[in-house]
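Asks: Swiss-Prot feature annotations, pasted as is:
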type     : residues                       : note
REGION   : 1-24                           : region 'Disordered'
COMPBIAS : 7-22                           : compositional bias 'Polar residues'
BINDING  : 28, 101, 129, 176, 357, 399    : phosphoenolpyruvate binding site
BINDING  : 28, 29, 33, 174, 176, 326, 353 : 3-phosphoshikimate binding site
ACT_SITE : 326                            : active site, proton acceptor
């Protein structure tokens, strides 16, 4: 879906501290996977807390087009069932994945090992993103992909009639590539083995077990070795989706940098492979308290109490990147407001996000008066506050848009973004939620 009119927004220092108790939308990674696994399983799955952003709705539509039953039964409540492993059908029309790189890459894995033909496209942003690192290893299943230069969408896939299991070492740690290969392995006879150089988010492995697949995970050097037995009988299993820690990052940093603020965020997912930002912010002196720790749907969950804090600079090691890969733009905002010089290491992966997120993050903070530079794959930020006053080009990147609006809550003069429409891809309701705790965000004049 291509969007029409833009939606510029401006944020400024609020007159009073941010306060209140909120919840953030369901975890995007888990929501995508819940719909996909439910659409492959025999029997009904009931999903609660599903993120109903544009990206996840694309996954729901794609699974319907492939023959699964997927329907909404209430706010965040969905019901899905599938034909079983190997039972998907060729879609009647092109699969449009909108802005969702996660949906597109994971779906390539499903399509590769099913004897079906499909064509996939996306919006202008997604069509610029490289898919080669997913479709190249998937070719070893016997699937045939045809794509534009660089493996970019639109692409077609003729899935393998008899898919071969994969044995593959990821050259770069990537939960999306790993998950695509595991999804392909579901309909391959034999054992699929994937070696990752660093641990990445393990929602796919957790959900595979939840739906009845046989998956083994073992430490392997600095990373992990995952082994999946193909062609299991997946059975429907209810899923509770926790609040997305990547979405919680925005009100968390806002509460930290607006003096006097205190905000509680309920039901946030605390998977240890997703909480690198929380660890980093605590190293910076952030007052983030976890209370009511519990488990929901096989994932650790807790409530976060965040209090405004005097932040100090931090040196973030490259090996932490997989656990916070989506949070670097908002971390850059926190570093800009901190005392001292911060260095965020090993950010090459940001260059192939919705935008060149490394270059765009640098442009966002420097345009607003922050001294910063890219050194190789590292981002160096001189803290001490930001002047503000700039209009930030969001490049159709939802996380960049939200980060810039949070930054404007603590700058000397307001910050404007050129377009807030794409925020709904991951965080529907972001603007009213932030206004509800006292954030001064309004339509740009």
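Backbone N, Cα and C define each Cβ position, glycine as well.
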Asks: Please work out the helix, strand and coil residue numbers for the compositional bias 'Polar residues' (7-22) from the DSSP assignment.
Replies: 0 helix, 8 strand, 8 coil
Asks: So which binding-site residues out of 28, 129, 176 end up within 10 angstroms of residue 353 (3-phosphoshikimate binding site), measuring C-alpha to C-alpha?
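Replies: Of 28, 129, 176, within range: 129.
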Asks: Considering only the binding-site residues 101, 129, 176, 357, which residue has the minimal Cα-Cα separation from residue 33 (3-phosphoshikimate binding site)?
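Replies: Looking at Cα distances from residue 33 (3-phosphoshikimate binding site), the smallest one goes to 176.
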Asks: Here are the binding-site residues: 33, 129, 353, 399. Which has the lowest count of other Cβ atoms within 10 Å?
Replies: 129
Asks: Reduced to three states, what secondary structure does DSSP give residue 28 (phosphoenolpyruvate binding site)?
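Replies: Where residue 28 (phosphoenolpyruvate binding site) sits, the three-state DSSP reduction gives helix.
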Asks: To the nearest whole angstrom, state the Cα distance for the pair residue 176 (phosphoenolpyruvate binding site) and residue 29 (3-phosphoshikimate binding site).
Replies: 9
Asks: In whole Å, how far is residue 326 (3-phosphoshikimate binding site) from residue 399 (phosphoenolpyruvate binding site) when you measure between their Cα atoms?
Replies: 8
Asks: Give the helix, strand or coil assignment DSSP yields for residue 174 (3-phosphoshikimate binding site).
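Replies: In the DSSP reduction, residue 174 (3-phosphoshikimate binding site) maps to coil.
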Asks: Hey, what's the Cβ neighbour count for residue 357 (phosphoenolpyruvate binding site) at 10 Å?
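Replies: Looking across every protein chain shown, the total is 24.
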Asks: Measuring Cα to Cα, how far is residue 174 (3-phosphoshikimate binding site) from residue 101 (phosphoenolpyruvate binding site) in Å?
Replies: 12
Asks: What is the number of other Cβ atoms found within 10 Å of the Cβ of residue 28 (phosphoenolpyruvate binding site)?
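Replies: There are 25 such Cβ atoms around residue 28 (phosphoenolpyruvate binding site).
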Asks: Of 29, 174, 176, which of the binding-site residues has the most Cβ neighbours inside 10 Å?
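Replies: That would be 29, with the highest Cβ count within 10 Å.
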Asks: Whole-number Å only: compute the distance from the Cα of residue 101 (phosphoenolpyruvate binding site) to the Cα of residue 326 (3-phosphoshikimate binding site).
Replies: 13
